[in-house]
Amino acid sequence: MSFSPPNKSADATIQITEMTRQSTPSSGEAAASTPSTSSIESGDKALEALGYTPVFKREFSRWSSFSFAMSISGVYGTLMSTWIYGLQAGGAAAIMWSWIIGGAGGWALAYSIAEIASAYPSSGAMYFTLKFLAPEEQVPFLCWIAGYLNLVGTVAGGASTEYAASQMLLAAVSITSNFSYVPTPTHVVGVMIGLTIIHAMINTLPTAWLNRLTSGYVVFHMSVLLGACVTLLVQKRHDMHDLKYAFTDFQPSSGWCPPGFAFLFGCLTPAWIMTGCDGTARIAEEAKNPQMVVPRAIANATTFTYVIGFFFNLVLVVCMGDPKDLINSPSGQPVAQLFFNGMGRAPAIVFTLCGFGVMNLVAIPGIQAGSRTIFALSRDNLLPFSHIWVRISKRSQTPLIAVWTYAVLEIIINLLGLASSTAIGAVFNVCAVALNVSYVIPIICKMVYGRMQKGPWHMGKYSIWVNAFAVAWNTFMAVIFFFPTRLPVTPENMNYAIVVFFFVLIFALGFWYTHGRHYYTGPLTHSPRATDMSVIMPEGV
């Protein structure tokens, strides 16, 4: 295996940049055609102040960035996919309290990320910020570890989204056949491959087209969620659990002692839904006025997801009937079974297919954010063959090779589904753990070293408390997600996330000591660390 020296990768990036800039209208031409030139220029100036030359077109507005952030969480579809964790952890009370407590931890993490993203708006997101948050001598090692953990977590999250989307489609088919058809792992993986290819093809479009597609996500998403809630409440109005049941009925079956410990496993649902919030930070180089637009999108979308997710969970819990019927659903999707039991066959098919649609709207921007992760890491020469992944298409002005590389990685990971449901379940866990650890590292550096210069969006005096809660909770949950969810432990119910995580960690450490430390110096910007730099404030903020 060969590695390109840092200077060659930097030269390649600069050459690509120049070609891209030549095909872009000059600032004078742009000013004559659009009123948002100042917000575009402020974003480019902020990126240049960080040490990078802009290569992407800035198309994402405040609304489309918010819609992008909402689609990354995809609360309707992702809740359907992961609701089983709370259900198995203890039923109604475990579902509700794990969302309230676990969601608060996810909310604090998202706000901490938003604050840092405002100060350092870059496609490198949290990984890149370590250049400014950590002492200079620690930057290469910390960036290396955080970069690889973030990449693995991002790919695992994207892979699990594609897998869940295929499961949801086949669950709708199962309902259509009155459950005579039972989805098999081979069918799920086959559908997943087809969906991943389609989503990657959509991501070969120019940023302007992706922006237009993204803008409508949140409208469809919220319409579906509201429609499902209203239909369920109307159909089940004479046969619903009361609110006391929702918050107090706990049916432990995990084997853990004390039984209440098991409710923590239900926190994987809010963690998996909210943990991808940094994906929005990865389009910072494609957003107008990113110092304000990106953090606002992250904060507003996470808050909205937390609140609307609470009410969606509450509706599902009061309408769910006997939880055992849902756990043992032949479709493998408890919420789809709940729709069937509560609404009847036709509405259940419609709302399950809508869930499939929402999951597609999660997967498409997921590939966009993931490919920008590969681009950002390659721009800094962190990955093998970085000079290949960093290339920008002249036609679409997007990193097409990175898009298809990311899609292939998703498919490879999801082939684990052919082995067992336990193996693919580890992917869900590794996603939350790897991403959370990669986020916690820069937040800890911010708190310990005090080097961060505030951006225009910040939490003021509440920052340290929110940061501390985010670090404490998500570090604690990273450990919990390694535990098996049921006792006694067998090869079938073993949680292999810990094996996958430490394999990745050992690989990253080994790769660092054998290769990385000899050439990797951290983000390859053309400016000094500039810890005293002032953030450029866009006009009108």
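Glycine is treated like the rest: Cβ placed from N, Cα and C.
Per TrEMBL, the feature region 'Disordered' maps to 19-41.
For 66-85 (among others), the entry in TrEMBL reads transmembrane segment. Nonlocal intrachain contacts for the transmembrane segment (66-85), taken as residues 6+ away from its ends with a CB within less than 8 angstroms of a stretch CB, comprise 60, 95, 161, 164-165, 167-168, 214-219, 221, 224-225, 228, 265-266, 268-269, 272-274, 276-277, 279-280, 283, 296-298, 300-302, 304-305, 308-309, 312-313, 316, 327, 333-336, 352, 354-359, 361-362, 364-366, 369, 428, 485.
Summarising the annotation, TrEMBL assigns transmembrane segment to 97-120 (among others).
Long-range neighbours of the transmembrane segment (141-159) within the same chain, counting only residues 6 or more positions beyond its ends whose Cβ lies under 8 Å from a Cβ of the stretch, are 125-128, 130-131, 134, 272, 275-276, 278-279, 363, 366-367, 369-370, 373-374, 377, 380, 382-383, 406, 409-411, 413-414, 427-428, 430-438, 441-442, 445, 504-505, 507-509, 511-512, 516-517, 520, 522-523. If you look up TrEMBL, you'll see 141-159 (among others) marked as transmembrane segment.
Note on the transmembrane segment (189-209): residues 56-57, 59-60, 162-163, 165-166, 169-170, 286, 360, 363-364, 366-368, 371, 393, 395-398, 400, 403-404, 406-407, 410-411, 414-415, 417-418 of its chain, located 6 or more positions outside it, place their CB under 8 angstroms from a CB of the stretch. The transmembrane segment feature in TrEMBL is assigned to 189-209 (among others).
Feature annotation from TrEMBL assigns transmembrane segment to 215-234 (among others). Under 8 Å from some Cβ of the transmembrane segment (215-234) lie the Cβ atoms of residues 63-64, 66-68, 70-71, 74-76, 240, 308, 311-312, 315-316, 319, 338-339, 342-343, 347, 351, 354-355, 357-358, 361, 365, all in the same chain and six or more residues away from its ends.
Taken from TrEMBL, the feature transmembrane segment applies to 297-318 (among others). Tertiary neighbourhood of the transmembrane segment (297-318): same-chain residues 62, 65-66, 68-70, 72-73, 75-76, 79, 83, 92, 95-96, 99-100, 103-104, 106-107, 110-111, 113-114, 117, 222, 225, 229, 232-233, 236, 240-243, 245-246, 270, 273-274, 277-278, 280-281, 335, 338, 457, selected by CB-CB distance under 8 Å and a gap of 6+ residues from either end.
Outside the transmembrane segment (338-362), and at least 6 residues removed from its termini, the chain residues within Cβ reach (under 8 Å) are 71-74, 76-78, 80-81, 161, 164-165, 168-169, 171-172, 175-176, 178, 195, 199, 217, 220-221, 224, 227-228, 231-232, 235-236, 316, 319-321, 325-326. Marked as transmembrane segment by TrEMBL: 338-362 (among others).
Residues 155-156, 158-159, 162-163, 185-186, 188-189, 192-193, 196-197, 199-200, 203-204, 367-368, 370-375, 378, 388-391, 393, 426-427, 492 of the same chain sit 6 or more residues outside the transmembrane segment (400-420) yet have a Cβ under 8 Å from a Cβ within it. Residues or ranges marked as transmembrane segment by TrEMBL: 400-420 (among others).
Look at TrEMBL and you will find 426-450 (among others) tagged as transmembrane segment.
Counting residues 6+ beyond its ends, the transmembrane segment (462-483) has Cβ neighbours under 8 Å at 102, 104-105, 108-109, 111-112, 115, 264-265, 267-268, 271, 429, 432-433, 436-437, 439-440, 443-444, 446-447, 495, 497-498, 501 in the same chain. Look at TrEMBL and you will find 462-483 (among others) tagged as transmembrane segment.
If you look up TrEMBL, you'll see 495-514 (among others) marked as transmembrane segment. Under 8 Å from some Cβ of the transmembrane segment (495-514) lie the Cβ atoms of residues 141, 144-145, 148-149, 152, 422-423, 425-427, 429-430, 433-434, 481-485, 520, all in the same chain and six or more residues away from its ends.
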